[in-house]
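S.K.: Can you keep this structure in mind? I'll have questions shortly.
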Protein chains: 2
Amino acid sequence: MSIQARRERERADRERLIVSVARELAEAEGWEAVTTRRLAERVEYSQPVLYSHFKGKDAIVAAVAVEGFADLAAKMRAARGSTRSPQRALAAVAAAYIAFAEEHPALYDAMFNQLVSLPFATPEAPAALHAGFDELRQVVRPIAADDDVDLLAEVLWSGLHGLVSLTRGGRLPRPDHERRLALLLSRLSG
Amino acid sequence: MSIQARRERERADRERLIVSVARELAEAEGWEAVTTRRLAERVEYSQPVLYSHFKGKDAIVAAVAVEGFADLAAKMRAARGSTRSPQRALAAVAAAYIAFAEEHPALYDAMFNQLVSLPFATPEAPAALHAGFDELRQVVRPIAADDDVDLLAEVLWSGLHGLVSLTRGGRLPRPDHERRLALLLSRLSG
DNA sequence: TCCAAATATCTAGCGCTGCTAGGAACACGA
DNA sequence: TCGTGTTCCTAGCAGCGCTAGATATTTGGA
């Protein structure tokens with residue numbers, strides 16, 4: 001009984017190891033450097049072991065992405081709690097979102113670009129995802145007026161993601177990043 | 001003299017053929033189906049010929065993307081000219097942008113996801129790119145009030161791109177797409 | 001204690017990718 | 001008609017995600 005428990009524990013440990021090594025490798029050298037061979041080498045197991053834990057490489061990326069959503073949600077939560085002014089809270093959460101994307105580009109990539117197959121706007125979506133969206137919902141509630149809170153949260157999310165995505169792809173010049181963010185927020189606030 | 005001209009003409013034709021075949025293949029089966037082998041087979045030349053025209057596969061994708069920017073700019077121009085009301089023009093251009101992304105997902109992908117290396121917010125950027133951004137600039141001018149027109153155009157672009165990007169990745173549920181767009185525009189209009 | 005069954009893991013390889021070196025085939029000017 | 005220079009193709013490299021089949025390793029029963 002206990003012996004099987006140990007093995008399951010070790011298996012779970014190894015699974016976590018795979019995910020964290022994948023994340024480290026991606027954050028250090030980008031996702032194009034994360035190959036199943038390199039990953040296997042770093043966790044000191046052979047390639048097929050990866051496939052006994054995950055259906056494929058995408059599933060590993062997805063696991064890293066879920067970690068990312070949890071981190072992002074935590075960052076936004078802290079930002080929202082840093083002030084009692086609704087306006088400041090909005091600005092703080094938005095800034096936290098942008099900062100997260102800038103500090104963890106590979107993670108952000110996994111969350112929004114690499115991945116297509118994560119369940120999102122459904123009940124089966126990972127908790128971290130709901131938590132993150134909840135932060136946006138809370139922070140826009142004071143400025144929603146007659147508009148639907150969920151909808152406004154989604155629009156804010158779109159605006160933030162658009163800014164991040166276009167800026168990072170070189171579509172928008174970096175320098176005015178903060179002015180753009182301020183303009184977006186002031187307009188969305190009504 | 002004329003004989004060399006003919007050869008250059010044929011070479012240019014072949015280059016256009018490569019780009020249009022790449023585009024067709026991508027639009028029909030997605031970019032993951034666009035491999036150098038398949039592409040070479042469809043243009044009825046061997047693989048290395050591609051590399052005598054383009055530095056690599058990315059350069060071919062970039063050429064397709066530039067076509068995409070030209071098409072998008074044309075669509076937005078037509079939309080803007082369809083009405084004299086600034087409000088309606090804004091709505092029409094935004095709708096045209098969204099429609100383009102929905103009707104040409106592979107093209108949009110090349111323009112915003114596949115590609116990293118196209119020069120953008122610089123004078124060397126392809127004309128089609130400047131033209132597209134110009135449409136956005138024109139259409140937000142009436143609603144800019146005291147804010148910088150360029151900045152507001154960039155924010156609108158971010159919002160639209162965010163909506164498209166999140167919706168297509170399954171991050172936002174499809175059904176409310178139009179309500180989200182309407183909310184974004186009404187808030188940005190001030 | 002020893003052996004068979006089950007489990008865990010590895011070696012080797014498949015078909016694919018983007019890309020390129022080197023040689024064959026061609027059209028050209030003299 | 002004959003070198004010459006260009007154009008183009010055949011063949012191959014190293015790497016990718018993924019998997020079948022063989023090999024260790026551990027387990028439980030006689």
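Backbone N, Cα and C atoms are what each Cβ position is placed from, and that goes for glycine too.
Automatic, uncurated: that is what TrEMBL annotation is.
As listed in TrEMBL for this protein:
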type: DOMAIN; residues: B:12-72; note: domain 'HTH tetR-type'
type: DNA_BIND; residues: B:35-54; note: DNA-binding region
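Could you give the neighbours, burial and distances for every feature on this list?
M.R.: DSSP states for the domain 'HTH tetR-type' (B:12-72), grouped as helix (H, G, I), strand (E, B) and coil, give 52 helix, 0 strand, 9 coil.
Within the chain carrying the DNA-binding region (B:35-54), a Cβ under 8 angstroms from the stretch's Cβ atoms is held by residues 11, 14-15, 17-18, 21-22, 25, 60, 63, all 6 or more beyond its ends.
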S.K.: Please average pLDDT over the DNA-binding region (B:35-54) for the predicted structure.
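M.R.: Summing pLDDT over the DNA-binding region (B:35-54) and dividing by its length gives 97.
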